[in-house]
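Below you'll find the structure I mean.
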Amino acid sequence: MLGIGTLIWVSFRPLLRLVICVGCGFILTRADIFPVIAARGAGQLLLNVASPCLMFSKIVPAFNSDNIGSLGPLVLVAAIYQILGLLFAFVIKKFCWLPHRFRHGIYVAGGWGNYGDIPTSVVMSIAGSAPFKGVADQNLSIAYISVFILVFYVTLFPMGGHALIAKDFVGPEVEDEEVRELAKIRRHALLQSWKRFPSLLRRRRVPSPKDQVEDLEKVGSSSGCATPISISEKGTPTEIDDPPSAVPVIRQPIPSATRHVAFHDPDVHIGSPSITEVNISRVASPAPTLTHADTMTHVDNVTPAPSIKIANGPESKRPKSSASSRGKRTKRIRSFLSSLVSPPSLAIIISFPVALVTPLKALFVPIANSPIPNAPDGQPPLAFVQDAATFIGAAAVPLGLICLGSALARLNVPMNRWRTLPLGAIFSLAVAKLIITPVLGVLICEGLTRAGVIDPSDKVLRFVCIFFSCLPTATTQVYLTQVYSGTGSAEHISAFLIPQYALMFVSMIVLTAYSINSIF
């Protein structure tokens, strides 16, 4: 067991490298030496070249038939963390007010964490030194991280998570004062319903109409007089006052009328819109992108221009033709496949078969009892491909962190604007993602380990699963918001990111120290 001082230093040292790289990008951007166009070019190199090479160079030698069973737990843990984030975002939206242009973006901020540069940098540093086993555990950790990255890309792009950001910019603008008032009313209604909940549980069972009729008949027979009773259509007993004669009175059930509320003169006919098409134009992002956003040729869920078309009458109810529905289905499938074959995702998808099929793996890395003859230098025939991927992939982490620092330097939230921002939601999300979720992540991973889902002897797997519970919102959302906003602004998500990245350092040190102590 490591001492407290050693644990703190082992947990703190990787963050020093992270801070230095991020600080370089931050300072260069503030000094106007790293302009937007340069940062965007660096982001494209990272996305399309360096990151795929890093994934390939680490997955191929790390995965084999012995540890391929770790894929299931990794996907499960990644899905659990995303679901937890979405649930936290849902609760925050119910109790805190959010700007109208961030009403759906809160779900992306809660569900998708920074699964790229930060965990890759920190985990590589920790797994490459004691108490881990050096290079072997380092390669294995990156292979495990690639599964989280693959889940991130698949859920955000092919499965349509990015469309939540696009929905924020559909429809007219709503003032913050109106949103605050509606949130206050909604919060008050929720609290009142919770207060009444215990009394509703204790409330006596309401008698049915049949029981009411029987009770009234008993009362009438015991008093010696009969009261004419008419049963309405809904089964509710109605007493008849002053019957004209002793003849039994029979009332025909009256059909209940439909309630109609009109907000206009009844003589004036107003056609209600039955079909509304809202389109938004897509502009180029002015910020550097480390994401899949710039590799997409189109966004399937948002169509251009804020023009609104209203169709009335029977034409709006005309059924869609089979040809148009087939065309939309084909478009969605094509968009799904084009999003899935982004360079990082494609590199990960290709790497796993190469790592698991022995003849293919023997082409790139040395293995025992190789069925493939070596090259004249004694290395596998395609070892130069693995060497090139390792060499280029080494630039991925520092380049990504420099671009992250550049992105943070461009987050602009003036001090006089903080009073008008949803501070309750901002700090609630920071606490949920960087304090509550890590605690739940430790409990979930320990439970899965005791249940046998996570292999207790695979210490790298346990550490990676716990570490990914302590990640802030992905900066990818900044770039997507700039694309969908139509103005290039992302002021709301910027305000959400600043407290999270400030809190991340303290939370990450504590979680890393605890996880290493518990694992070893």
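Start at 1 and count along the chain as shown; that gives each residue its number.
Note that Cβ sites are derived from N, Cα and C of the backbone, with glycine treated the same way.
Quick paste of what TrEMBL says about this protein:
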TRANSMEM  15-33  transmembrane segment
TRANSMEM  70-92  transmembrane segment
TRANSMEM  104-128  transmembrane segment
TRANSMEM  140-159  transmembrane segment
REGION    208-241  region 'Disordered'
COMPBIAS  220-235  compositional bias 'Polar residues'
REGION    304-330  region 'Disordered'
TRANSMEM  336-356  transmembrane segment
TRANSMEM  388-409  transmembrane segment
TRANSMEM  421-440  transmembrane segment
TRANSMEM  460-481  transmembrane segment
TRANSMEM  493-516  transmembrane segment
Should the transmembrane segment (104-128) and the transmembrane segment (493-516) be scored as in contact, given a threshold of at least 3 Cβ pairs under 8 Å and pairs 6 or more apart?
yes
For the transmembrane segment (421-440) and the transmembrane segment (140-159), does the number of C-beta pairs under 8 Å, pairs 6 or more apart in sequence, reach 3 or more?
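Since fewer than 3 Cβ pairs under 8 Å link them, the transmembrane segment (421-440) and the transmembrane segment (140-159) do not come into contact.
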Are the transmembrane segment (388-409) and the transmembrane segment (70-92) close, by which I mean at least 3 Cβ pairs under 8 Å that are 6+ residues apart in sequence?
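Contact absent: fewer than 3 Cβ pairs fall under 8 Å.
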If I count Cβ-Cβ pairs under 8 A between the transmembrane segment (140-159) and each of 15-33, 70-92, 336-356, 493-516, which range comes out on top?
336-356
Checking distant contacts: for the transmembrane segment (15-33), what same-chain residues at least six beyond its ends satisfy Cβ-Cβ under 8 A?
39, 118, 121-122, 125, 397-398, 401-410, 505, 508-509
